[in-house]
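S.K.: The active site, 4-aspartylphosphate intermediate annotation in Swiss-Prot covers Asp112 and rests on similarity to another entry. Sequence annotations record features per position, and here Swiss-Prot assigns Mg(2+) binding site to Asp112, Asp114, Asn223. What Swiss-Prot lists as region 'Disordered' is 1-31. Swiss-Prot lists Thr168, Lys206 with the feature site 'Transition state stabilizer'.
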Amino acid sequence: MDGPAIITQVTNPKEDEARSPVAGEKASQRNISLKKQRGRSILSSFFCCFRDYNVEAPPANSPSVLPPLVEENGGLQKGDQRQVIPVPSPPAKYLLPEVTVLDYGKKCVVIDLDETLVHSSFKPISNADFIVPVEIDGTIHQVYVLKRPHVDEFLQRMGQLFECVLFTASLAKYADPVADLLDRWGVFRARLFRESCVFHRGNYVKDLSRLGRELSKVIIVDNSPASYIFHPENAVPVQSWFDDMTDTELLDLIPFFEGLSREDDVYSMLHRLCSR
């Protein structure tokens, strides 16, 4: 197993730029576009969570398939807008335990790890916040982890407002020790890894119907639309983060989630946002 197969990531546009002048020009255009998007109102950034993607859900009689070890979620190809059909039948055994007394009455927020809260690399990062040793085929490799700006404030506030669950398509041997270092406050009530995803058409999908929580009270925060193709109406999408230390997206999200925590269900507020 090679190093990158441990971590599920999107491609850094800067790496595309380094490969070729043509790719670099396209990457630069993407970077400019992303910076413009960050400058918009935080409310407008949520509109994309209701875009329909040209990706089919598994048939109703199709059992959940455990994913093989491949490198990363592929990007979704935008085509004709079609309705995404949710995954039909929930499993007999849910991924999460019963809600604790501490979290009773709170909504459940599923939070992604890579490029949402942190960026990790097998290449040395001079200003890495953590260096995590990971064993691959009998050899110890160092993973350099950079924290997204304001991740500490974001996690602490989210832990006060919601039942928080870490759900990553990366392997536990990498993600678990990173979560130990990142979550100093015990915000995550549970941690779900690649084996808890559904492998569907080359992507690791986080099927929210398998959590054991009422879907109207579940939100997923993720940088990859492929991760929530079964439940796009539950998603609060974020921009992929790599190394921009001026990024404020997590900080900007806090007031939105403070309002969402007071709603009866997640759909009402998200629908109101899209109708503006």
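Keep in mind that glycine also has a Cβ here, set from the backbone N, Cα and C atoms.
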S.K.: In whole Å, how far is the residue listed as 'active site, 4-aspartylphosphate intermediate' from Thr168 (site 'Transition state stabilizer') when you measure between their Cα atoms?
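M.R.: The separation of the Cα atoms works out to 5 Å.
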S.K.: I'm trying to understand the geometry here, so how far is the Cα atom of Asp114 (Mg(2+) binding site) from the Cα atom of Lys206 (site 'Transition state stabilizer'), in Å to the nearest whole number?
M.R.: 14
S.K.: Show, in sequence order, which residues other than Asp112, Asp114, Asn223 on the same chain lie with their Cβ within 8 Å of the centre of the Cβ atoms of the Mg(2+) site.
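M.R.: Residues close to the Mg(2+) site, other than Asp112, Asp114, Asn223: Gln9, Val10, Leu113, Glu115, Thr116, Leu117, Thr168, Asp222, Ser224, Ser227, Val238, Ser240.
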S.K.: Please list, in sequence order, the residues in the chain of Asn223 (Mg(2+) binding site) that are at least six apart in sequence and whose C-beta is under 8 Å away from its C-beta.
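M.R.: Same-chain residues close to Asn223 (Mg(2+) binding site) (Cβ under 8 Å, separated by 6 or more) are Val10, Asp112, Glu115, Thr116, Pro237, Val238, Gln239, Ser240, Trp241.
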S.K.: Neighbour count, 10 Å Cβ-Cβ cut-off, for Thr168 (site 'Transition state stabilizer'): what number do you get?
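M.R.: Other Cβ atoms within 10 Å of Thr168 (site 'Transition state stabilizer'): 29.
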S.K.: Rank the recorded positions Asp112, Asp114 by the number of other Cβ atoms within 10 Å of each Cβ and report the first-ranked residue.
M.R.: Asp114
S.K.: Count the Cβ atoms, other than its own, that fall within 10 Å of the Cβ of Lys206 (site 'Transition state stabilizer'), considering every protein chain shown.
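M.R.: By my count, 28.
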S.K.: According to DSSP, which of helix, strand or coil covers Asp112 (active site, 4-aspartylphosphate intermediate)?
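M.R.: Going by the DSSP assignment, Asp112 (active site, 4-aspartylphosphate intermediate) belongs to neither helix nor strand, so it counts as coil.
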